[in-house]
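Here the structure comes first, spelled out in structure tokens, and everything after it is commentary.
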Amino acid sequence: MPRKPRHRVPEILWRLFGNRARNLNDAIVDLIPNRNIQPEQCRCRGQGCLGCSSDKPAFLLRSDDPIHYRKLLHRCFVVLHEQTPPLLDFSPTSWWSQREIVERIIEMMQSGCDCQNVICARYDKYDQSSPILELLTSSSWEFLLKRVGHDVMVYLLQQTSIFLPLLGKKHQQVSGPPLCIKHKRTLSVHENKRKRDDNVQPPTKRQWLSSAVDDCPKDDSATITPIVGEDVDQHREKKTTKRSRIYLKRRRKQRKVNFKKVDCNAPCITPSTNGKVSTGNDEMNLHIGINGSLTDFVKQAKQVKRNKNFKFGLSETYSVIPPNHILKTLRPNCSDSKLLMNHIFGEVNVWSTTPSHGKGNCPSGSICLYHSLLKSLKNLIGKTKSSHLKMLLDKHCPVLLLQEDALKSGTTSQSSRRQKADKLPHGSSSSQTGKPKCPSVEERKLYCTNDQVVSFIWAICRYIVPESLLGTTHQMRVLRKNIAWFVSRRRNEKCTVNQFLHKVKPSDFPFFARKELCCMVNGHELQSESIRSTQQMLCTKWISWLFLEIVKKLVHFNFYATESQGGRLNIYYYRKRSWERLISKEISKALDGYVLVDDAEAESSRKKLSKFRFLPKANGVRMVLDFSSSSRSQSLRDTHAVLKDIQLKEPDVLGSSVFDHDDFYRNLCPYLIHLRSQSGELPPLYFVVADVFKAFDSVDQGKLLHVIQSFLKDEYILNRCRLVCCGKRSNWVNKILVSSDKNSNFSRFTSTVPYNALQSIVVDKGENHRVRKKDLMVWIGNMLKNNMLQLDKSFYVQIAGIPQGHRLSSLLCCFYYGHLERTLIYPFLEEASKDVSSKECSREEELIIPTSYKLLRFIDDYLFVSTSRDQASSFYHRLKHGFKDYNCFMNETKFCINFEDKEEHRCSSNRMFVGDNGVPFVRWTGLLINSRTFEVQVDYTRYLSGHISSTFSVAWQNKPVRNLRQKLCYFLVPKCHPILFDSNINSGEIVRLNIYQIFLLAAMKFHCYVYEVSRFWKLHPQTLFKFITISVRYMFRLINRRVRRINTGSSFRPVLKLYKEEVIWLGLDAYIQVLKKKNSRYRMLLIYLKSALSKHSLSQQLSSELRYATDRSNSSSLWKLNY
């Protein structure tokens, strides 16, 4: 028996309204009162209706009902408000049509001054039309009216809030009071899921915006065994309930208050104790958020976060420790050692009555823990003042020189190293320094490796920290591994202090295992259990302080941490001197198109300064502007909304532009269908791939303004709506602009919706926004010609090009090159097509297939395909000459053609990819296009430059093992495009090969994720097998959803010839082949996977398509990836 499908209420409606939000089918059934009457006594006179039916759901929805009616009942949701009166009367008949009912309800509400209902928005009395009216009068609603009657329909439209499905996970409100959020509330982790039990009361801390929602228990389906040191785990305090995150300004204010509290107890403690360095290094890329004092680290889950944006840092100083660090502000004496002890361990009751002595010795001559700590901390403060610390930085992380500077400084560096060989501090050896080295590297690889950074940090710890405070030899190895784990974290990853304490056992610190906590005074005695507990607490606090105040701040102060253009999520650590040398060399290239302005002009335009950062890449650095602060301006939103509206309504203005793979699919598929319809198979195809050289920087600003002015209308009217979004922890409202197109049956978003993957509700209150052409030209002109940036004390203004990273940059670039294509390229291609036809006719050859071509461009990447070799060759040479009027020239090194050029007598196929199976491919925007059959695959060669683990991040603070099930499904989403599965483009073998390759990459990511998580948790094979099978089954639903929901217009329909059993078999086989290389780690999991694969029905007799998909030679690039 097939499982009954679940029709769940969207999360956003469930959070706001709870059980009062239901789908239309359930809401109607609950509205009808239960009357035990015979059909002959009912108003229907025995004909049968919803009121007298014994099975109301079966009467409302029948097996022969149309699909659009079924979708309406299940995907439309209704909210019954608390004070709504019940339905008193029911009549199965209707005297009016659905349109007449909706029109009369709207006119009645408007005449009664009740225009707050969403159903009245944008209603035109003269035309008697509105977008919402059209939605509520479709054939599905007419069909529903015949089933429920007049009274139920009027009640639904007047007394309830109705939400219709819009696009993806979005819904649009079409009746009821406008949905709004008065207060933004943050939810705890366990509140994300719902529980349908009405008897359970929600917790008091969970306060919803409009109504309370029942709480739910945690999902403990994943069997997890934590791997933590027993001694530490037994004495850790329980976590407090997670509180809502307050705003940034209030958090900063709270830090100051916390600092004042700590400062009262320890006058010498500086602001650095709260984890914030005030020497200007707060602009460094590695931000570590620690709130509150360090003494209560166990109660608060402090998080270390890798920020997304990075800024330029200051120059290096002689010291490797921040000048306002607490160790730099104290002196190596007894009184300052006590201040440091209180700062690290807080107030210990046993030590409060301890007598103070000038030298910090025990009065009885014994050695207690208190006085031993004073001596050790005194040595720690003294070692911090040493001048040898800078030498450790130069030794372990040398300043890497550029190629032209290496020869000049080689002799000098050798002599200086010989002189300093005898002065190296602890951790150095003469054998390591016997061979002089000249740190010369390739020109762009100036960063320090993670091993070098870890080596430097550990050398500092070994030098300044007394050996007794680092524990045994085994414990030292544990600490170094934890430091290495922290340094290797990727961008956007957060980690807690408890993860720094992984495998740290107080029993391995003999220093803290002394029998006496302090000298016994006045007969003061403690029980052995209390002494042991206090000793373990002191050891744990010491290790936490070591990581937070030494390790974290050494990385923060001495390195410039940033991401790279090709490094994905990895973080690269630059010595500040190396970074300054790289920037000083590349700054002249990065400032092409900028001119220096005087201070007076800069002072007047100081508010228009642009934030920027340098992003390392393979051949230099890229200057990326950060316009996140200016994105809030209304003028920028209006300009973006108008340009987006033009893109939707007038796509011809943008020429051959495509904006994503789905857009490429919509343009490509009709062309291929047309070619195959002429002869039944594809003719020989000739490709030309080109890339515009400095596409953004070479744009002529005057020409661009003229192009924009040529197609702008005098005035634009946009609809202003609200988008109520639902996140994992909170709900919020975004203001959006929607195209005012009366001919459209659904709203088209003209402003970019930043959270389009989340569940949201569109609320239209009928507000309009008017934008004039004159204002648009002023705003665009200011964005182009008044873009000012500051470098050191100099100010520069951009006079050429478009700033990269701006919200409008991509659209403006497409409009610019679209005008070039309509003016120069399209006429040239038409002439070339005529010349080719005339040559064929002059040769008296029968023209079987007329010349056909297609030109596509993704921002600055051109793809041209033609059935004529001469036309492709002429277009190739035209691109090589460039377009001087538009200052547009192609990058000579990125041309790619699949034919031999007659003039050059060679095939320019340096960018062609040929796999182990011998099939040639053309690379274009992350895709591999078969140059013979035009079949499309994903280009996985871009992953060859790094490790697979650099492509994802781990949410350490949100129980990553529980998230593994969802993560495995997310691994499948990025490469799942309809163009890969449509049989109009790809054959059955390539469709299954694309699915198999997606599974291969997901399996590699699965191994990397499990390897990361297994450091702290033990994952059972049965749990992993369960997660894998869920993701494999999810793949088939994902493919069907993507292919079914893509909007292709009326030109063609996608064709999917695929079975669920084939997808499951491909997924299981892909995981087996990938995990076989890690057999020792996944021995039991492989047994489960092989057993499931052997029981599969397709394993008995494989089709030729499945054999082709699993052939290793067809996926040669994937098997070369490093995982």
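Backbone N, Cα and C atoms are what each Cβ position is placed from, and that goes for glycine too.
Site annotation (Swiss-Prot): Mg(2+) is bound by Asp860, Asp861, and the candidate from Asp660, Asp662, Asp663, Asp691 recorded at this site is Asp691. Mean model confidence of the domain 'Reverse transcriptase' (596-929) amounts to 81 (pLDDT, 0 to 100 scale). Neighbours of the Mg(2+) site: apart from Asp691, Asp860, Asp861, residues of the same chain with C-beta atoms within 8 angstroms of the site's C-beta centroid are Ala690, Val692, Ala695, Arg857, Phe858, Ile859, Tyr862, Asn891, Lys894. Around Asp861 (Mg(2+) binding site), taking its Cβ as the centre, 17 other Cβ atoms fall within 10 Å, counting all chains. In the three-state DSSP scheme, Asp861 (Mg(2+) binding site) is classed as strand. Less than 8 angstroms from the CB of Asp691 (Mg(2+) binding site) sit Asp860, Asp861, Tyr862, Met890, Asn891, Lys894, each of them six or more residues away in the same chain.
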